[in-house]
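To start, the structure under review is shown below, and the notes come after it.
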């Protein structure tokens, strides 16, 4: 394969490894890389399959997350709430992921662009920033739901808009710093040769290990937050059933617990299923030397992170009643505005668009969506909303 600088006798070593029944990675122990072609290991069939995923998931991810950002930006009531600020941060990170990952991945594996270290590390830093910001925003969303359940009576005091903005500032500042550390100098000292990563050119194994550990910590905190949410909901439902002492309450509690467990299970299954294979290959890259087959498998698994960014708006944003109401209100206002302009051009001035009502998405949201303590956009919270109104303190 072009780009590989194989030592003398590598073919003999490969034959000896087959005869001795050793692992197929043994002839690759002394391999070194001459240029970026070492990392372009996809076959034509694999290129078509993975590029199809990127061409489909990339634009879809961009459009749906841009829609979420547009609705939140256009609705004053949503912009004032910490929960929607976190959802907007998640949507922004996924917009970045759809742009940086799709273009960089296709540019490298499909079009075989041979960038220099600075250009490549800048592109990789953008991808890292997008996915790190996405996981960090998922953690803030999970913590927001945790506070909504565990601090229902004090939620507005504990999580103010100012504190939410400070949390987002800390998140994105640390994300940008961590993502562009290789560009700022923390890169492999040997260029493309070992002990550099066999998954990412110019990346030092120590940096890769630190980043994977950081993401695993964030994912563990997310899992812990949702586990505490489920425990708190079950505990509260059990106490309510004991106070009421009705059989119907037990049946309702069972239905509520099942719905909550299914929702949390779906969220965690998608998140872990999309991220665990990719992180596993990264950890393996730190510990052992990967084969070409493992590099190709990692290329496919990495697209699952993009799929996770495509699914996030469906799980966290578009399932929120208030955001859907604001979206329909905004679309209705746009359609009525177009109709008003057409009637004005046609000379009909008897019917006008009620600007105060048509543009007031917040008034519509406040009056028509369910009242859930103060964290309305969380579908997990909506499941226990009616019971949670009875909470007067811990």
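Note that Cβ sites are derived from N, Cα and C of the backbone, with glycine treated the same way.
Taken from TrEMBL as is:
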REGION    1-27  region 'Disordered'
TRANSMEM  49-72  transmembrane segment
DOMAIN    64-316  domain 'G-protein coupled receptors family 1 profile'
TRANSMEM  84-106  transmembrane segment
TRANSMEM  118-143  transmembrane segment
TRANSMEM  164-186  transmembrane segment
TRANSMEM  206-231  transmembrane segment
TRANSMEM  263-284  transmembrane segment
TRANSMEM  296-318  transmembrane segment
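Proximity of the transmembrane segment (84-106) to the transmembrane segment (206-231) is not established, fewer than 3 Cβ-Cβ distances being under 8 Å for residue pairs spaced 6 or more apart. Between the transmembrane segment (118-143) and the stretches 49-72, 206-231, 263-284, the greatest number of Cβ pairs separated by less than 8 Å involves 206-231.
Under the criterion of 3 or more C-beta pairs below 8 Å, with sequence separation of 6 or more, the transmembrane segment (49-72) and the transmembrane segment (296-318) qualify as touching.
Ranked by Cβ pairs under 8 Å to the transmembrane segment (296-318), the stretches 164-186, 206-231, 263-284 are led by 263-284. If you take every residue in the domain 'G-protein coupled receptors family 1 profile' (64-316) and average the pLDDT, you get 86.
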